[in-house]
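Per TrEMBL, the features are:
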SIGNAL    1-21  signal peptide
TRANSMEM  67-87  transmembrane segment
TRANSMEM  99-121  transmembrane segment
TRANSMEM  127-147  transmembrane segment
TRANSMEM  154-177  transmembrane segment
TRANSMEM  189-208  transmembrane segment
TRANSMEM  220-240  transmembrane segment
TRANSMEM  246-267  transmembrane segment
């Protein structure tokens, strides 16, 4: 099996772990942290996130960042049927169309992914600059998400940024450890990057937990797209990665991204409808034809009667 094929398989397995974790997190998202730490399903979500992260780390050793990160979109694609099973419903046609568009767009991006000569790593100057920019961005997004009544999508974007930068740092650490062994931990770049990975991964999980309070679909879509976009930006700007094919390749990549975005939009709308549930008046098992009501009669007396609401 080629290194590229192995990276793809690891990415799919990682996305499955993240998807299962997202479904579990969404089901307990409204509980306070003090209650969450006593909830077994929340710890199961953490374990699944850790497993997904571990597989992601290995994938980054065998594939470039610009190839590995787009597979994060599969997290949303896999979360749809998992959420349907958890809610005891079937996957809708809208969801199927969304999955098809998302996969098609992802395939177009993967065909054009590449590097400019192997898997690159961050230098010390690049690492410091990246961490400063990330800190400023997360501070802004976190501040907006903390405003009373603010959309949970701000927290979702912060989660995506956290995970995307963490992936870029993970590639640097993985390459150093593979080439130098345990001695690489004495390198300041590796040590700082490792600490930043732990901080960003924890922040990403907490931001995700906050964003799921308003439902799974839209927040997961935003974080899933922000993650590869941020990682790809790091790869293209700092690691010398590129989109193959020149200008035509870039045009195809943009078109593929638009197709994937359309698919994500369909999935988001479908999940919002599913979360809303059926019309309670239509699904009610209580006959609506004759409902008791209390009427005020002349003289202040009250009389129970029945009002025909079904005609």
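Heads up, the Cβ atoms here are built off N, Cα and C, so glycines get one too.
Keep in mind that TrEMBL annotations are predicted by a computer and have not been checked by a curator.
By the count of Cβ pairs under 8 Å, the stretch nearest in packing to the transmembrane segment (220-240) among 67-87, 127-147, 189-208 is 67-87. If one looks beyond the transmembrane segment (127-147) by at least 6 residues along the same chain, the residues whose Cβ comes under 8 Å of a Cβ in the stretch are 154-155, 157-158, 161-162, 165, 168-169, 172, 189, 192-193, 196, 200, 203, 207, 210-211, 234, 238. Nonlocal intrachain contacts for the transmembrane segment (189-208), taken as residues 6+ away from its ends with a CB within less than 8 angstroms of a stretch CB, comprise 22, 25, 46, 49, 53, 121-124, 127, 131, 134, 138, 142, 145, 155-156, 158-160, 162-163, 165-166, 169-170, 172-173, 176-177, 219, 223.
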